[in-house]
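Some notes on the structure that comes next.
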């Protein structure tokens, strides 16, 4: 048995959906532990594309239980749309379970999110406008609506009448927006409640039972380390904790139940929305990476900002998450690049540093210190073993493993499941502590 957390090691959009889908073959349970419809993951199977925002990637495996944990925030309308889409595609959803403790995104959350972002003007955070932040804010203020509240028809009516009237004051007085009709909201969410009722469960207990039965559990994060509310590039972050520690809080399991942590990172770096980005490319190369990598958000369709791989961020992700290994995605996007740069340190106010600054103002003054490596100038998409790779592509991967100080277990070379190189078993392979001595890699190092 192995219980594994999969996290994003950059600013999200790293390809966690594909990696989770691959690992789900060995998992008995897949659990989503934070975030909401602000995150999207795409899985491609036999030329069929599945775009999901809330439902875990493991849903494509009929014998794998899928759980939406208590740390998520759920937009019922979007969740039902995903259920309907999967039903039409012939994918069973009978093995999906929704935590009764998860909070619910309401219409006023979306309205406040969009109006608040607009009011920020030049100080926009880059929110998706899907109501995620306000939903988490209500959770912290203890005024939120949970899934279990929707399951109690009479209690829901009473709670929603009070809450909607309270939010109407904010909508009208603060944002000059039209008020919501409490009865219309109640009627809408009663329909959602009836549809979701068969899926609702005490998911913390369900996960613990799976653990007691020695089943393999895979915890699936959304977004990425640098978007973490506590450890990311604040204030340009999400409202939850995508880091590995969030898996425990967002599902109701203890930290001793986690065996391994796998980080996912692109062979380059992308970011959506506002905030500092030291390796961002504003030239033709940045445009080329965006176009070759189809770097447009699953949720918003926004163009992603593109730049070179940042090893400072990589090392930070290793430290914050306790990564055991790394999955590197989209290596094939670099196939036609003449020279590839990797940021190995920052120059900050005249001083060089290899450590990530948590101060956003200081981070905005960071300039990348690059090491330049030769490109391989040939296709990698059909490679299935390390030996199949062009020597310079293998050298690039070895350098990343060495500079980030964690072994690479998976290399992704395309969107399809089989466009992948499995370097070592990411679930049952050696722990990072056994692979490193004095910071030097003994696997895939230069």
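One-based numbering along the chain as shown.
Each residue, glycine too, has its Cβ placed from N, Cα and C.
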*For the IMP site that Swiss-Prot gives with 13, 14, 15, 16, 38, 39, 40, 41, 128, 142, 223, 302, which of 105, 163, 233, 238 also belongs there?*
238
*Return one of helix, strand or coil for residue 304 (substrate binding site), based on DSSP.*
coil
_I need the least crowded one of these recorded positions (18, 41, 302), counting other C-beta atoms within 10 angstroms of each C-beta._
302
*Per residue, counting other C-beta atoms within 10 angstroms of the C-beta, which of the binding-site residues 12, 15, 40, 301 reaches the highest number?*
12
*asked:* If the IMP binders are 13, 14, 15, 16, 38, 39, 40, 41, 128, 142, 223, 238, 302 per the record, what's the largest distance between their Cα atoms, in Å?
replied: 34
*If you draw a 10 Å sphere on the Cβ of residue 128 (IMP binding site), how many other Cβ atoms land inside?*
23
